[in-house]
């Protein structure tokens, strides 16, 4: 035509950007595999990982590091491009690998955004953690005293130390740094479900590691500024003190025989009515003398007010002999009182 004359010799200066064969699969280059790898990812797992995405010539087109947030996805389920879906299978927590993906397993002939059509993609990934939605809490006992007869159960008041971290070892929180224990009533909803499970059947002096998947921890949202979303949590726990709780449904129990004239004893001024103040003073006296026991770990005033309210059936702020009943005198599901 007009630009190239006939019989002309041509000179092309070529830069080879990439090449692939339509028969190519992905290529995996392991860069770092942790010595300890108890489990590898499989179809259906939920992965959190960081990545740098480049073209074969090194051109960067995307990076999770620049967003300061992991990329989180299910693997083997088609939520990411086919090559990445395959490349994320069989990884360990903490592993670093390079995944090279031909275009027919990436973004094809059309490309996407900064990715040109028919481009070979290179992803350098770092697996932060992964879990399966079917996972439960994992408990590893690191030390158990030889005298271990009293085991923690729902309703017990526990004092314990912990170090909380992510699976990659990032420290999130520690009671040791605060110089005080963490105190809860087991099974009362004061901690995440996974921790309630992880503290069961533990004896004083025992040390254990509890691994909690996000659906039993802080879920997809995490805790802003503290716990990333969808993070697997690792708690190293030492139980220091255990105060036995009461049977489920009870806030107060007697340590001996119940007085047959209980109402009269509570009714200090003998006017046939018990006010909250009288009720509170009586319960306090029973606890102080060892004749009765309140559920440990709860606020005294709240427990007593709750007990009084359950006795005050007409809600007039007074309890009469007709209203007053012991726990075993009525259906268990109706009231939590004496």
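Cβ from N, Cα, C; glycine included.
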Per TrEMBL, the range holding region 'Disordered', considering 283-310, 311-338: 311-338
Same-chain residues near the domain 'EF-hand' (254-289), Cβ under 8 Å, at least 6 residues beyond its ends: 300-301, 304-305, 307-308, 311, 317-321, 324, 326, 338
